[in-house]
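What Swiss-Prot says about this one:
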- 169: active site, involved in ionization of N3 of dUMP, leading to its activation (ACT_SITE)
- 56, 80, 81, 82, 88, 158, 159, 160, 164: FAD binding site (BINDING)
- 77, 78, 79, 80, 88, 89, 90, 91, 92, 142, 169: dUMP binding site (BINDING)
- 2-203: domain 'ThyX' (DOMAIN)
- 80-90: motif 'ThyX motif' (MOTIF)
């Protein structure tokens, strides 16, 4: 089962971002702003930066995740987000044999063709092991491993990149596994920096807040709690009409229920 754990982060990230945002509009230095910065002021400066697209200040807070038991399909999608750092389990040095060979079966295949997928995975494993026993080096034998083979990866992103990552990967149009990873990553960062990630979400949320009045901005929490909430946008950038956007977001998060 997919595991996502936040293992390291900028402890005062919210305050750092707020001070950086304030310093950009002030002649005063860090010490002056830090000593008088209140929690309410931190929230105000973060909110102002996000709702006005002042994204550069978000780069000062950094997060490292350990993401485990995912497929190579998912890890290949992760590394497409280039403003990040990655260290992945090597199948050259960490051979996926015996109990460590746990390829991922997609939920759709579990419902329809689980036996077929398991058979294909077993054949691939048997061929891989045969190649190893015949003397083929690990770096070459791994060529026959399936894309579904399980892997672990350490990922580091700053808050700005996370906002970009979430805008794309929390969307219901994202593939199920990378979407599940994104929702789990969001859960992790919200535990430590709820004010900073209050306004994140798929692109439809970001765009909606750009066209709303500041005192009418919405959050993902509003989507799941207020069933009367209506979007102003006529359609999202993926083409979903206004009346269907909220349902689309709710359906996107349901991927977490499908992988339990």
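Don't overthink the numbers, they just go from 1 along the chain as shown.
Including glycine, each Cβ sits where the backbone N, Cα and C put it.
Feature map: Swiss-Prot annotations on the structure.
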residue	record	CB count, 10 Å
56	FAD binding site	12
77	dUMP binding site	19
79	dUMP binding site	12
81	FAD binding site	17
88	FAD binding site	17
90	dUMP binding site	12
92	dUMP binding site	12
159	FAD binding site	28
164	FAD binding site	19
169	active site, involved in ionization of N3 of dUMP, leading to its activation	23
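Farthest C-alpha pair in the dUMP-binding residues 77, 78, 79, 80, 88, 89, 90, 91, 92, 142, 169: 29 Å apart.
As a summary of secondary structure, the motif 'ThyX motif' (80-90) carries 0 helix, 4 strand, 7 coil according to DSSP. Straight-line distance linking the Cα atoms of residue 164 (FAD binding site) and residue 79 (dUMP binding site), rounded to a whole number, equals 14 Å. Maximum C-alpha to C-alpha distance over the listed FAD-binding residues 56, 80, 81, 82, 88, 158, 159, 160, 164 is 28 Å. Between the CA atoms of residue 92 (dUMP binding site) and residue 56 (FAD binding site) there is a gap of 38 Å. The distance from the Cα of residue 88 (FAD binding site) to the Cα of residue 79 (dUMP binding site) comes to 10 Å.
Nearest by CA distance to residue 77 (dUMP binding site), out of the recorded positions 56, 159, 169, is 169. Checked against residue 79 (dUMP binding site), the recorded positions 56, 159, 169 differ in C-alpha distance, with 169 being the nearest.
Between the C-alpha atoms of residue 159 (FAD binding site) and residue 169 (active site, involved in ionization of N3 of dUMP, leading to its activation), the distance comes to 15 Å. A separation of roughly 20 Å, to the nearest angstrom, links the Cα atoms of residue 90 (dUMP binding site) and residue 81 (FAD binding site). Straight-line distance linking the Cα atoms of residue 169 (active site, involved in ionization of N3 of dUMP, leading to its activation) and residue 81 (FAD binding site), rounded to a whole number, equals 11 Å.
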